[in-house]
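**Q** Before we start, here is the structure in question, set down as C-alpha cells.
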Amino acid sequence: MKGSIVKKQQKSFSKVDFLIILLGLLVYTFDIGTDLWMVKNFLCEGQYLKGILILLTGLYSSIIIQFFSCAWFKEDENEKFPWTFYLLHSLNGGLFTRYYLALKHGYEAVYIPNSSTNSNLCFKEMVYINILQLFKAFLESTPQLILQIYIVMVSDDSTFSQYLSIALSFCSISCATVNFQIIFRKYRPDKNEFSGVFCKLIYLFYKLMTLTSWILTIVLLSMLNIIGSIVLLIFLWFGNLIWVITQSTDFCKFKTTEYVYRMIVAIILMFTFFNVKGENTAIVQRVYYVFRIIITVIILCICGYWKSLLDENIDLSTLIIIIVIFLILGIISLIIYYIHFHPNIHCTQDEMDGLGVEREDPCRISKFLIQ
C-alpha cells in the first residue's frame, strides 16, 4: 500500500479563462499599434536612430515568434499546411493564429453544450501563447525599455508620462513571467498551482525588483561606456548559452529549431533566472544571483569611481540607492517565495489504483522554462 498520494484534479476551462485570452489579444494588438506609433513619431521628429532601433527590436522579436509558432505547429500536427498558413506567419500572424485557436477551442469548451473540446487543449494553446509572449517580453520589450530609460536619463525635459511608461513596462515584463507560470501550472497535471493571490504577488515582486535593479544597472553602465555594456551582455549571453547547451535541452524536435531555442533562452537568462530543464537547480540559482550581485556591485563601484564621465543630469547617488534597495528587496522576496510559497511538490499518481490525471507523454511544454 502506498503512502498518501497528492492528486491534482484537472481544471475546467472557464469563462474567466476565455475572457483572459480575449483581453490578451486586445493588449497584443494595442502593443503592436503603440510600437508603430512610436516609430512614426521618432522618424517624423528626425530621431532616426531611436526609431530604427525600436523598429529593429520589434522586427527581430516578430521573426523569432513567427519562426517558433510555425515550427511548433509543424512538430505537433505532423501534417502538411496550406500555403496560406506560411503566408499568415510571414505577415506577423503567428501569434494571432494561436489566439484564434485558443478562442475557438475556448468558446466550444465554455459555450457549446456537450462539446467534445478538451479543456486541456484550451490550456495548451494558452501556454503556447504565453511562451511566445515571454519571448516578446525579453526580445522586444526589455531592449526597448533599456533604450527608453537611456533616453530619459540623457534628456533635459523628461515628462511624467515617460516615467509612467517606464514603470508600466517594468510591470508588463514581470507580469509576462508570472502569467506564464500560472498557465503552465494550470496545464501541467504534475505541477502544483500557485497557492493564492499572495503567492503570485510575492513571485511578481521578486521578478519586478530583480529585473528593475538589473536593467537600471545595465543602463547606468551604458551611460558610462556603451561599448562596455555591450561586451558585458555578449559575455553573459555566451556564458548562458554554454550552460544551456550542457543541460541538453530537448524542447524542440528539429535540431535547428532547438539550437535557436537555446540561443533565445540564453538571452532570457541574461535578465532573469529560469529552470531550463525542470530539474532541481537550487545550487545553480544561488550561483546565478550571487554572480548577479557581484557584477552589480562591481558596476556600481566603477560608475562611482568614474562618475565624472557620466551625464551631469544623472543623480548617481539616488540611482545607486534605488538599484541596491530593489536588488535587496528582490532577493528577500525570492527567499520568502522559496521558503513559504513555492509549489515544488509534484502531484503524483497512484499507479496501483489507476487514479490521477491523464497527461500527454512526452509533453513538450513540460520541458520549457519553469521556476
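Glycine residues also receive a Cβ, built from the backbone N, Cα and C atoms like all the rest.
According to TrEMBL, the protein carries these features:
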- 12-32: transmembrane segment (TRANSMEM)
- 52-73: transmembrane segment (TRANSMEM)
- 85-101: transmembrane segment (TRANSMEM)
- 163-184: transmembrane segment (TRANSMEM)
- 214-239: transmembrane segment (TRANSMEM)
- 259-276: transmembrane segment (TRANSMEM)
- 288-307: transmembrane segment (TRANSMEM)
- 319-339: transmembrane segment (TRANSMEM)
**Q** Please determine whether the transmembrane segment (85-101) and the transmembrane segment (319-339) are in contact (criterion: at least three Cβ-Cβ distances under 8 Å, sequence separation 6 or more).
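**A** With fewer than 3 qualifying Cβ pairs, these stretches do not touch.
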**Q** Suppose I define contact as three or more CB-CB distances under 8 A, residues 6 or more apart in sequence; do the transmembrane segment (288-307) and the transmembrane segment (52-73) meet it?
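**A** Answer no: the transmembrane segment (288-307) and the transmembrane segment (52-73) share fewer than 3 Cβ pairs below 8 Å.
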**Q** Would you say the transmembrane segment (52-73) and the transmembrane segment (259-276) are touching, if the rule is that at least three C-beta pairs must lie under 8 angstroms and be 6 or more residues apart?
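**A** Per Cβ check, the transmembrane segment (259-276) touches the transmembrane segment (52-73).
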**Q** So which residues does the transmembrane segment (12-32) touch in its own chain, when a touch means Cβ under 8 Å and the partner is 6 or more beyond its ends?
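**A** Distal contacts: 92, 95-96, 99, 102-103, 105-107, 109-110, 119, 122-123, 126, 129, 133.
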**Q** With a Cβ cut-off under 8 Å, give me the same-chain residues at least six positions beyond the ends of the transmembrane segment (214-239) that come close to it.
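**A** Same-chain contacts beyond the flanks: 142, 145-146, 149-150, 153-154, 170, 266-267, 269-272, 292, 295-296, 299-300, 302-303, 306, 309-311, 314, 319, 322-323, 326-327.
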**Q** Do any residues, 6 or more residues outside the transmembrane segment (319-339), come within under 8 Å Cβ-to-Cβ of it, and if so which ones?
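**A** Distant contacts of the transmembrane segment (319-339): 199, 202-203, 205-214, 216-217, 220, 289, 292-293, 296, 300, 303-304.
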